[in-house]
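Colleague: Here Swiss-Prot flags 15, 16, 17, 62, 87, 102, 211 as shikimate binding site. The annotation active site, proton acceptor is assigned in Swiss-Prot to 66 on the grounds of sequence analysis. Taken from Swiss-Prot, the feature NADP(+) binding site covers 125, 126, 127, 128, 129, 149, 150, 151, 152, 153, 154, 209, 233, and the record attributes it to sequence analysis.
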């Protein structure tokens, strides 16, 4: 029986989710269609309702609607609640369920490159993207997790929710880290957060949550120029999609060849 899925966001034309899920479908021999829905700021909640009334099986949610999707759901997973945002929706017993697969997607992609246990980790940015990855990073038992933001107060808001983290302003960063994660939106507008020289001098592994299929993101290019190994978030996109696919279809697809295929476009 044909299953129906979609991703909703605004903008949405650039989304790779339909391509990724169709490759998962071929691999697992599940018949599905996966569409793009341009989100309407005024009618977003109605769009969600209509999708499931019309026999939709699962819906991914991307910017800028993850918080609204979270608020709309009746039942949320623990990781969704801690993230305060939802990217995966489905109906069960006539109730809207929500999950957030971004964090687990990041951890699975990072595991290709380094072990997180006992590492010193720096997150740049204190917005929704940062909040969504703190809990899974803490579960990996790092030695230290610091959230740095241009305005310290916003980072302190996250610290109140996650007391295990430390916070700093960008200017206060002087120590070395094993891993730096860019969770700011700077790369989306080709801007770079210039870090103190000491922070990059020990050549940390650098990871940008943003991705650019055609070229390197500004953060990846900047940190590579500083001599660091750096990757963008395309792998995270594929891994979070795999987790959503598993939630909906109870089958976990393989991701490595799909990621290689997307990198070779």
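Even glycines carry a Cβ here, placed using N, Cα and C.
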Colleague: Considering only the recorded positions 66, 125, 127, 154, 233, which residue has the minimal Cα-Cα separation from residue 17 (shikimate binding site)?
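Modeller: Spatially nearest to residue 17 (shikimate binding site) by Cα position is 233.
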Colleague: Kindly assign residue 127 (NADP(+) binding site) to one of the three DSSP-derived states: helix, strand or coil.
Modeller: coil
Colleague: Quiz question: given the recorded positions 66, 150, 154, which has the greatest number of C-beta atoms lying within 10 angstroms of its own C-beta?
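Modeller: Counting Cβ neighbours within 10 Å, the top one is 66.
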Colleague: Quick one: of the binding-site residues 125, 127, 129, 150, 154, which has its CA closest to the CA of residue 211 (shikimate binding site)?
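Modeller: Checked the binding-site residues 125, 127, 129, 150, 154; minimum Cα distance to residue 211 (shikimate binding site) goes to 129.
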Colleague: Work out the three-state DSSP category of residue 66 (active site, proton acceptor).
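Modeller: DSSP call for residue 66 (active site, proton acceptor): helix.
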Colleague: If I take the alpha carbons of residue 150 (NADP(+) binding site) and residue 87 (shikimate binding site), what is the distance between them in whole Å?
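Modeller: For residue 150 (NADP(+) binding site) versus residue 87 (shikimate binding site), the Cα atoms are 26 Å apart.
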Colleague: Just to be sure I understand the packing, how many Cβ atoms besides its own are within 10 Å of the Cβ of residue 16 (shikimate binding site)?
Modeller: 16
